[in-house]
Amino acid sequence: MRPSRHLRVAVSAALLAAALLLVAAVPAARAQEETEHEEEFSYVRGEENGPEHWGAIKEEWAACGTGRMQSPIDLSHERVSLVRSLGYLNHSYRAAEASIVNRGHDIMVRDLTS
């Protein structure tokens, strides 16, 4: 092989390695993003980010400061409906490899099989 061909092969291999590295980093970046704000609010009364202060944490949570039953998780009646026709929930699931992360205000289950 000529030197220019060696150079092209080396550059192609380096670009392929860099692309694979970037693709592998994306899931880790998403996981960090998902848990980055895990303590935006707390259910502990008296805390700086506790229920007494929910309405001031974010503009879109202003209703949390005026109501008695609203939390930062939007469960407003306009978005939630009871569908009785769905029947009983079948909870006979097969075991699967997963991780469970306690984020302080909720939990996240990540499927490790995909």
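Using the three backbone atoms N, Cα and C, a Cβ is placed for every residue, glycine included.
In TrEMBL this protein carries:
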{"type": "DOMAIN", "residues": "39-114", "note": "domain 'Alpha-carbonic anhydrase'"}
{"type": "SIGNAL", "residues": "1-31", "note": "signal peptide"}
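Per-residue confidence over the domain 'Alpha-carbonic anhydrase' (39-114) averages 81 (mean pLDDT, predicted model). In terms of DSSP secondary structure, the domain 'Alpha-carbonic anhydrase' (39-114) contains 17 helix, 10 strand, 49 coil.
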